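Here's what TrEMBL has on this protein:
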REGION    50-70  region 'Disordered'
DOMAIN    113-202  domain 'PPIase FKBP-type'
REPEAT    313-346  repeat 'TPR'
COILED    383-410  coiled coil
Amino acid sequence: MENFEEDFESKTGNFLKEPLSLSDLIGTGCNFEISTNFEEDAAHKIFDELNLGSDEEEDDDNRRSSDELPDLVSPWLQPFAELKENMLQINPYLWKKVMKIGKESEPVVPFRNARVTLRYNAYWEGEGAPFDSSFLRGSSLTFYTGLGEVLEGLEAAVCTMHSGEQSQFVISYHLLFREMGCPPRIKPKADALFIIELLSYNLIGDIDADLQISAEDKTKFPVVIEKVKDIHLKGLDFFRQGLYRNASRAFEKAADMLKFCRLANEEEEEDQRNFLIKLFTNLAVCYIKVNLPSRTCIVCKEIRQLTNNKPSCKALFQEGRALLMLGEYKRARELLVKAQYMEPHNDDIGNELKILDTRYSRYKENERTIWTKAMGIIKSKDDDKKEANLNELEEEMLKLLQNFKDDETQKKLCIPAGFTTKEVDIIDNLAKRLELKLTLDPLHNGRYSVNKKKL
């Protein structure tokens, strides 16, 4: 198996929105603001069921435009003690009042392994203007629970919320800036009012969940499947962030763990089969994303075996896309047409068929033009011109092969019948010169084809 780059792709840390003056920092001090934008476009991507098949898709129904600002004036200018009387006390340092109910059918945000996206305003007691506001920055805040990335009180508050919920919290200084504060901006023992809108959260799993399995349990399905689910979740999180190679590694790891489990009964066999289909489908998408269509074809073959040659529409679609990338136009069309029959109103399938038709028409036109000229040279019977004809053939073939190499949409060039052994040798030498490979194709009646070498 081709090796991936070993280092994980990673995100950089937070940055200051404006640079600090070192002289001001040492002298009178200065205020600063941290940019908390976490590539919202990547964080909020919603994946079509056809493309990823994820059960953990985000919902943007409750997500408002960043231009839609709420009233930024504090809703409470009286002492927090009076406000607490109408709030639910969560613990000795946290009080809560729900302003808009979220998705109560779903669990609240877990304390670990969740990626949370929210917007908030924060106010000191008795002050009308917020001392911190994601709304004023025009962005949301995204962080991971359990890693201490935000104030303890803010994370504790969020971990009581459902997705889509809006709530007010009074948070004690014990969970904020402690007794000392940070004068003059933050007073000692300063409690705060936070108004939070939880846009969404996703479970992110754990890529190293397998390390928690003891040696004697590594093949026990009930133990392994739970860790596989954690790794699968981490793969989905990588995918949402556009880290497709990392996602591939996660799904590959989960599939390898699952394939070698000992199964005790038919129910475990069915659970294993269904989860493997999900993992292989996700892998098919990832391999397309990192331009490895041949691997997509391999995992689609696994899916066919698991489904008794009855793959889902999404699996047919991904295999068709892979074959299109490989230049297998006829087979790609067959699979995409089957997928379209299963989902006739799916725009993605229709668009892929249009791309296929455009590429295939261009390919056939180029092939017809070059081969017409090349075959015309071959059919010349004049012995005196034979050597000249071979030189002209070599020149035309060189143009053809160079065009084929430069066209990223073509992966295979089929050679028509009718060439002599000497002429095939010329084509072979030209292919080698351009770092291409001439092979005998048993699937096409023993005809030769030129293929691009794998990098």
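Quick reminder: no glycine exception, Cβ is built from N, Cα and C everywhere.
Sequence-distant contacts of the repeat 'TPR' (313-346), counting only residues of its own chain at least 6 positions beyond either end whose CB sits under 8 Å from a CB of the stretch, comprise 49-51, 53, 277, 280-281, 284-285, 287-288, 291, 293-294, 296-297, 300, 303, 307, 352-353, 355-356, 359-360, 363, 409-413. Remark: secondary structure over the repeat 'TPR' (313-346) totals 27 helix, 0 strand, 7 coil, with classes taken from DSSP.
Taken as a whole, the coiled coil (383-410) shows an average pLDDT of 71 in this prediction. DSSP states for the domain 'PPIase FKBP-type' (113-202), grouped as helix (H, G, I), strand (E, B) and coil, give 14 helix, 36 strand, 40 coil.
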